[in-house]
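In TrEMBL this protein carries:
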DOMAIN    2-247  domain 'SLC26A/SulP transporter'
DOMAIN    303-387  domain 'STAS'
TRANSMEM  12-29  transmembrane segment
TRANSMEM  49-71  transmembrane segment
TRANSMEM  125-147  transmembrane segment
TRANSMEM  153-171  transmembrane segment
TRANSMEM  192-210  transmembrane segment
TRANSMEM  216-234  transmembrane segment
TRANSMEM  246-278  transmembrane segment
Amino acid sequence: MKSVFLNLDKIRIGDFSLGVTAIIILLLLRKLKDLKLQNSNKFLKSFLWIVATGRNALVVLISSTIAYYTCQNKDACPLILTGKVKSGLPEFQLPQFKTTILNANGTETAQNYSAMLEELGPSMIILPIIAVLGNVAISKAFGGAGISPTRELVALSLSNICGSFFSSIPVTGSFSRSAVNHASGVRTPIGGFYTSALVLLALGLLTPYFQYIPKASLSAVIISAVIFMIEFEVIKPLWRCSRRELLPGAITFVVSLAVGVEIGLLLGVGADVAFLVYRVARPVLTVNKLSTTHGISYILIRPKHSSLYFPAIEWVRTGISKALETHGSAPVILDCSNVHDFDFTAGRGIGALNKELIRMNIPLFLLKASKEIIVILKESTNADIPTLEQPDDLETVLEQSPDYEPYLQVMVPLVANPNHGNADNEHDKKN
């Protein structure tokens, strides 16, 4: 974006005019297939559909024809052309583990495999991850539901392994070319076979004519296809129901536009992962002070998430401390009915919390804890934290320990003895 504004004085009138005209034509032809004509015959409808669907190839073909007749003298050509393309197929051979680098001053430097790895450095790990992320993002954008990231990874890996035997550069899915395919009416993977056949045919027969394709027309095709991938309509419902998701989306969009798609994807995924880590470290806790059937008060702590890992334990301990400050001393029941994932370090944290509460003479109980959680707690703390199947079991457990007798002082309504009442009535009659 910076280079665009810094080079406004270098705009080429021919390329700019062709690019703008091609974009306008492509956008108009895109609307052509939605045009409903009354009393029109089937031939006209079919003709309009073919023109609208094949608009990308049509624009490139017309602009190439214009360039062919106007650029016979290359020095006076008003357009930047694709240039000569080497014809023929690359030979099948083992991948080369050495290469020659052409320096800026024109000299050549030989590199072996270890020198290549040293020059690539950490990008050897980062670039494949970004390639997979991009491929999965493209698959979800155009493939809908049911996309398997594992299959995309395998397909991408096999493509690059096989391509290395034909001197291919490392490849991945392309947002722009996928958008062009989608805009041209491609709906199934069989479109790849047509593309491959045309590429092989073009490499064998049509390379002399590729040099006349204006780059402005190719840019217009890409721009007019990609612009409809920006879903502005999702901003309003996201703002209403899930504002958190707007931030990763905005980061990805802005950084991809300003810096590059790879960096934008990486930062967007990083922002979303940060939110996930925050949710794990700060689970939502529901705190209520309730009473059993016979009036014994207790504090119920219920995590809403299904996992309790070590980053969340300090948050849970803080939540219990605040609950005790707010509601006063009372038995604490940690509801584990929704907790399915529990790690060793979290068990140690619960054990430390239990010791703190014991010093305060406040009992800690687990409600509906699974066998896995009980085993982890026993192995990590060497302590048996009482487990309840229902809150009313609290009375029975408290009765078994004399230290918790103060919590059993419950107000029970007095019931008059019927025999005693009758004796008093007889005594009154005699008097």
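Cβ atoms are placed via backbone N, Cα and C, with glycine included.
TrEMBL: automatically predicted annotations, no manual curation.
In the predicted model, residues of the domain 'STAS' (303-387) average a pLDDT of 84. Distant neighbours of the transmembrane segment (12-29): 51-52, 55-56, 58-59, 63, 66, 78-80, 214-217, 219-221, 223-224; these residues of the same chain sit at least 6 beyond its ends, with a Cβ under 8 Å from one of its Cβ atoms. Ranking 125-147, 153-171, 192-210, 216-234, 246-278 by CB pairs under 8 A with the transmembrane segment (49-71) puts 216-234 at the top. Secondary structure counts, DSSP: the domain 'STAS' (303-387) has 45 helix, 14 strand, 26 coil.
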